[in-house]
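Before we start, here is the structure in question, set down as structure tokens.
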Amino acid sequence: MTSFFSSTIAGVPRIGAHRELKFALEGFWSGTVSGRELGQTATTLTNDYCDQLAAAGLDSIPTAGRSYYDAMLDTTALLGVFPERFQNLDDHPNDGLPAHIDRYFATARGTAELPASAMTKWFDTNYHYLVPELSADTRFILDDTALLTDIHDQLTRGHDVRPVLIGPLTYLSLSRTTDGSDPLDHLETLFEVFERLLAKLPTPWVQLDEPSLVTDVAPEVLERVRAGYARLATRGGVFVNTYFGAGDQALDTLAGLGLGAIGVDLVSDGVTALEAWKGEELLVAGIVDGRNVWRTDLCAALGTLRRLQARGPVAVSTSCSLLHVPYALTAETGLNPEVREWLAFGEEKVREVVALADALAGEINESLFDAAAAALADRRHSVLTAARDADITDADRSRSPFEVRAAAQDEALDLPPLPTTTIGSFPQTREIRSARARYRAGHLTPEQYEDAMRAEIAQVIRAQEDLGLDVLVHGEPERNDMVQYFAELLDGFLTTTNGWVQSYGSRCVRPPILFGTVTRPEPMTVRWFAHAQSLTNRPVKGMLTGPVTILAWSFVRDDQPLAVTADQIALALREEITDLVDAGAKIIQVDEPAIRELLPLRRAEQDAYTRWAVGAFRLSTSTAPDHVQIHTHMCYSEFNELIRSIIDLDADVTTIEAARSDMQVLAALKSSGFHLGVGPGVWDIHSPRVPELAEVSQLLSSALESVDPRRLWVNPDCGLKTRGWEETTASLKVLVAAAEQARTDLLQRASTSA
């Protein structure tokens, strides 16, 4: 029998404490970093992190090997199922990189001729994964050389590592097929493939991540999963881990199979797990929060662990991978000292895991336990977290009927059919980033920085006018991030200097920390909007980030309901919208790209969420008069699940990421009777390629088949912050040309029918 471990974490970050992998990747893609250098960077990061975890005292160390982009994409490579369009792509193996690296990155980023795979959010987080593309004819061909090499390297370095892989159910549940077949048709076959793979792994333990087991899974599928894991269990040392939700379904499905361990997320739902566990396998208790930044209540956690230990073997872990939190609090030197004591980043969470495991074995670190108790008491009684009184009525969340608003807006805006616009941000050039850095370092005065941003806004306005766009944006040069910008201007938030987490690939974000009562001390965007609007006769959109997205993309206080915090943010945005209207804004965009992320994974819990999420958005926007058009933007979402909520938001225009998913959202819009304005994106900005006119025209034609042309907008998928000016200009020329061509066709059809 494989001996049990006592302390571990669910998974590891890959990007590096100082974003080393990000810079190596971007250098490799641009040709300034060699394949050998990229491989060495990934190797160093993997080795150093394993060393740190071992030194911290963990007795089982998770490893995914050298990952260059995403765990789901790693699994696609492992199973040999890159999309068909890339299968004939000639690989050019670089020393130190896997032989499939060209197909790997083509799947993630596309090529000049071929689009990338779809990308969407990982369950209810702000991390993104590459969606596998399968078909009924898919054949899995193990390509495990890189994985086995990486595991062997760590074993020779003396580490007790545990490979972490995406499990069969989760991999297939998150896949899409190109022929309409069911990905789960491959379930039994994939279990057979994993059986062969696990037999080759030289480690006592192997971890298979099955977060899909916390979602709604059909009973017949659970039976097939149970049968599959019964086969894998014979290997010994198989640890099936779940996270992001209650573990009752997983425990019921997997109990009694002879698995070595089952992991559950006690942060999301500890009570259910306590009831469901029968004490037969090692329970890996995810009791340290892996996706938020607050210190653990060590005394309460130890009490829970002791109750579990009375029923069977227990190991201490994080609730999910530490991919979702910053590396270490020690890198932050400028935080509010009081709030700092309330926090724990990745390094500190590992220390908490070890302390709890030691305490469970009878060795209590009294200084750490006392410090945690003192911090929790201070946070509970701090004036920074005091409640804000708000007398909110149903009328505060309501506007006039859409038909009334649409008539007023059509008269106020006088736009052509199929109006063209962008989502908000324009390229953040080296000059913009330099000016911001120099300003923060004190090398530019506020006046000099303001002048630099105003000059950039003027350039963006001129460029849009030259391109022929109908509704303009100011380009957001003053914003380093669409959430952090507002967090720095609202009370109740703090921001970090090195609190980076991976969003996707080389893209990293620094989520702000929402620690207290949210208020708006002064206007945040009005002066930038007013300057932009003064430069043009065309309408310029006021640009705000919505309350749910600010919530979803921040580390949020966990001592009051999310609905209460969302309304606090909404009231601050409501004040900003009132000021924008007073400054002359006729269109105000309130982005909610993250509204899908916080949706509970089980249907029984979703209605309550959508009520308060929709309510917060409407609370922020309902102050706008009828003639002011409210836009919102959404991306990376499974819109079919949210179509009713999108309608309930009651935004006048909703722009949606759609190009990468071949306009799949259109069917949902059509079947729902969606009657509001909509702009399904016709250009995938996440791929570094300029779309062909025929490609954009085809997407626009598809949209016209499902959307009333009087309510259809033409726009890219997302903001243009990460793109260069050359590709942005070229792509927008294509977008405008496609819109003009479609307008001509509409007018011709109208004259013919007349």
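Even glycines carry a Cβ here, placed using N, Cα and C.
Quick caveat, the model's predicted, so the values are computed rather than measured.
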Swiss-Prot has Arg19, Glu20, Leu21, Lys22, Lys121, Arg507, Cys508, Glu597 down as binding 5-methyltetrahydropteroyltri-L-glutamate; which of Trp205, Trp528, Trp553 does it also list for that site?
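So the 5-methyltetrahydropteroyltri-L-glutamate site in Swiss-Prot includes Arg19, Glu20, Leu21, Lys22, Lys121, Arg507, Cys508, Glu597 plus, from the candidates Trp205, Trp528, Trp553, Trp553.
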For the L-methionine site that Swiss-Prot gives with Ile423, Gly424, Ser425, Asp591, which of Glu363, Glu366, Glu476, Glu478 also belongs there?
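It is Glu476, as the record lists it for that site.
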Using C-alpha atoms, which one of the binding-site residues Ile423, Glu476, Cys508 comes nearest to Cys635 (Zn(2+) binding site)?
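Answer for the nearest of the binding-site residues: Ile423.
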Whole-number Å only: compute the distance from the Cα of Arg19 (5-methyltetrahydropteroyltri-L-glutamate binding site) to the Cα of His686 (active site, proton donor).
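Answer for this pair: 20 Å between alpha carbons.
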L-homocysteine site residues Ile423, Gly424, Ser425, Glu476, Asp591: biggest Cα-Cα distance, Å?
13
Looking at 5-methyltetrahydropteroyltri-L-glutamate and its recorded binding residues Arg19, Glu20, Leu21, Lys22, Lys121, Arg507, Cys508, Trp553, Glu597, figure out the farthest C-alpha pair and report it in angstrom, whole number.
27
Cα within 10 Å of Ile423 (L-homocysteine binding site) is the criterion; apply it to the recorded positions Leu21, Lys121, Cys508, Glu597, His686, Cys718 and give the hits in sequence order.
Cys718
May I ask for the distance between Asp591 (L-homocysteine binding site) and His633 (Zn(2+) binding site), taken between their Cα atoms and rounded to an integer number of Å?
5
I'd like the Cβ neighbour count for Lys121 (5-methyltetrahydropteroyltri-L-glutamate binding site), meaning other Cβ atoms within 10 Å of its Cβ, all protein chains included.
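Step by step: centre on the Cβ of Lys121 (5-methyltetrahydropteroyltri-L-glutamate binding site), count other Cβ atoms within 10 Å, giving 22.
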